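The next block holds one structure in the form of structure tokens; read it before the comments.
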């Protein structure tokens with residue numbers, strides 16, 4: 001957000017300080033400089049183990065009492081040395097003869113009484129202030145310090161030519177400590193400080209001002225006096241002291257710091273300075289004593305542009321409010337700052353005022369401030385931070401008669417909105433409004449200046465931007481950080497919005513169309529929000545990827561997931577969710593298509609692998625298993641009617657009937673054949689199962705013809721799953737003709753498994769080998785078996 005205009009008084013004061021800093025602070029371009037901090041270590045002498053490459057050495061606030069050449073000689077690259085707040089009494093500058101690069105030396109706040117001179121050429125900053133020198137410690141060698149910017153001195157007495165050795169130097173800052181200055185009654189001393197841009201005089205903090213010294217300075221731009229204690233009796237002494245210092249036409253900035261005075265004397269000081277060339281008057285830490293009465297003040301033509309008073313302590317409890325406030329309200333200057341004071345009010349000027357800038361930060365002003373005040377016609381900036389304002393409606397009314405007001409800062413108050421049903425009234429000239437750190441809610445958007453360009457609402461109680469708000473078409477910058485907003489405000493009511501600050505809110509699902517509605521956005525700060533990394537956030541993250549990193553401040557470090565737990569702490573840039581998981585329609589279509597493809601695939605596989613056939617086999621096998629469980633084993637054996645069931649292809653029937661059956665029946669082996677033992681009227685499958693159940697063994701005549709016969713395979717399937725004697729060897733395989741493995745269809749995997757796992761008898765082509773073949777057949781039936789005939793007759 002655009003910063004509020006600062007008072008010119010502060011700006012000029014800042015310039016003066018910058019002159020000091022630039023002139024005295026040593027900055028190095030070498031990134032490898034070596035800085036050593038030995039402050040507050042209780043040292044009584046300089047350590048000997050300091051690194052040789054040390055450039056910056058801080059040994060302030062110790063107990064060092066003396067310096068020797070050996071303490072510094074090995075630090076040839078030393079540039080900055082801080083020795084303030086020690087106990088050094090004697091300074092011999094020759095201890096620095098090996099430190100040719102030394103530019104910054106601070107020996108303030110020691111016990112120095114004497115200085116021994118030695119040629120030195122490199123100092124830019126030399127501070128000998130707040131010591132016990134009787135006279136100003138000036139060496140003639142100081143005249144060679146052509147680059148000297150800052151010089152701090154102490155003295156108990158002054159002589160006019162004390163500073164003659166440095167008269168030709170152009171110093172940026174001279175600090176003169178006169179706390180221990182010996183005051184001679186009825187005698188005025190003189191001191192000529194020829195060339196200095198800033199002069200800072202420090203007096204005794206508790207003694208009444210009584211110094212009678214004529215100090216004249218050429219080219220003086222800034223004057224600062226510290227520790228001034230005045231009453232009505234010595235007020236004229238102080239004004240006389242000022243008359244010499246303010247004689248030159250170059251003095252623009254005058255500062256009084258830590259001043260205790262009566263109200264009468266303060267008004268006299270104001271009156272003295274009013275016609276002077278001073279443009280910026282600053283008073284810090286002002287204490288008003290004794291009484292406050294109405295004083296005459298002539299507001300003559302003045303060059304004073306700005307008066308700044310910060311931190312007032314009023315020790316007068318009963319006084320005329322009008323007497324106090326009138327002096328300030330009627331001043332004919334452009335800028336007035338009175339901050340951190342117990343002021344409860346400020347009067348409206350009687351006549352049209354010249355004020356362009358008013359800053360009343362940290363006072364006790366209420367909603368009645370400047371009520372119906374029509375004389376602040378030139379006022380452009382009004383700052384009322386940290387006061388007692390409570391009603392935003394009344395603040396708006398206050399501005400109604402300020403036609404030039406552009407910047408209004410009422411932050412850090414207790415402002416509330418929505419108390420009044422009437423529409424808020426604002427002067428239309430306001431373009432910058434700071435309402436931060438108040439108690440404002442959503443209703444504040446119905447009580448805003450119509451032409452506002454910069455609006456600061458951070459740290460309030462705003463939860464949303466209402467849709468029905470006055471269109472702020474000129475609004476360019478909006479700060480709503482540290483509120484409770486749950487979404488990014490669109491630009492429907494803010495068509496010119498280009499800067500949005502909305503960090504530290506409760507934004508979890510920002511609108512995906514935000515960037516589309518805010519085409520002019522050049523900076524957005526929306527980090528540190530509890531983003532919920534769900535489907536709703538996908539489009540927003542996608543849109544962020546299309547935005548320049550210069551537009552999105554803090555990206556990606558400040559943008560992290562808060563929910564779900566698995567994503568907590570993860571950067572938004574790493575958050576990705578597929579389109580399928582977030583699009584319900586697409587998900588349903590995808591699942592439906594997948595199920596359809598799966599169904600088609602399964603159906604095709606079923607057809608290709610003859611799954612219906614397997615299902616029929618499983619059904620028959622299940623029925624067989626059920627019957628087998630319900631019949632005891634002894635009963636099953638009593639129900640056997642045949643020694644063997646023969647399964648063969650019709651193409652192999654000639655061999656079966658001419659070779660196999662005759663031989664087996666010759667050996668009294670009862671055979672079950674389908675053409676003579678299948679019961680008419682029953683299904684083929686039922687006959688097969690019935691025949692297998694009533695046979696002790698099943699003989700399968702294998703050949704390529706067998707493979708091609710589906711019924712043969714049924715018979716093999718049921719025989720393999722016969723549960724009458726689980727674990728028994730009730731299958732006999734006879735290989736009539738060789739069968740290539742690749743000729744067996746995949747659906748006959750049972751046959752493949754049997755041929756690889758079980759031993760089979762192969763019909764030999766040679767007659768000489770057939771005896772062994774028949775012997776193996778006989779061995780398979782070499783047991784006594786009780787058979788039951790169809791008439792239930794028992795036969796062994």
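We number each residue from 1, going along the chain as drawn.
Keep in mind that glycine also has a Cβ here, set from the backbone N, Cα and C atoms.
In Swiss-Prot, the transmembrane segment annotation falls on 587-607 of the listed ranges 524-544, 545-565, 566-586, 587-607. For the repeat 'LRR 17' (451-474), the residues of the chain that approach it from at least six positions outside its boundaries are 1-2, 411, 428-445, 480-487, 489, 492-496, 501, judged by C-beta separation under 8 angstroms. The DSSP breakdown of the repeat 'LRR 12' (331-354) into helical (H, G, I), extended (E, B) and coil residues amounts to 0 helix, 5 strand, 19 coil.
Working note on the glycosylation sites 214, 359, 583: by count of other C-beta atoms within 10 Å of each C-beta, 359 ranks first. Here residue 144 (N-linked glycosylation site) is compared against the glycosylation sites 285, 359, 434, and the shortest C-alpha distance is to 285. Residue density at residue 423 (N-linked glycosylation site): 11 other Cβ atoms are found within 10 A of its Cβ, drawing on all protein chains shown. Compared over the glycosylation sites 144, 253, 285, 434, the count of CB atoms lying within 10 A of a residue's CB peaks at 434. For the repeat 'LRR 1' (54-77), DSSP puts the residue distribution at 4 helix, 5 strand, 15 coil. Separation of the C-alpha atoms of residue 583 (N-linked glycosylation site) and residue 423 (N-linked glycosylation site): 46 Å, rounded to the nearest whole number.
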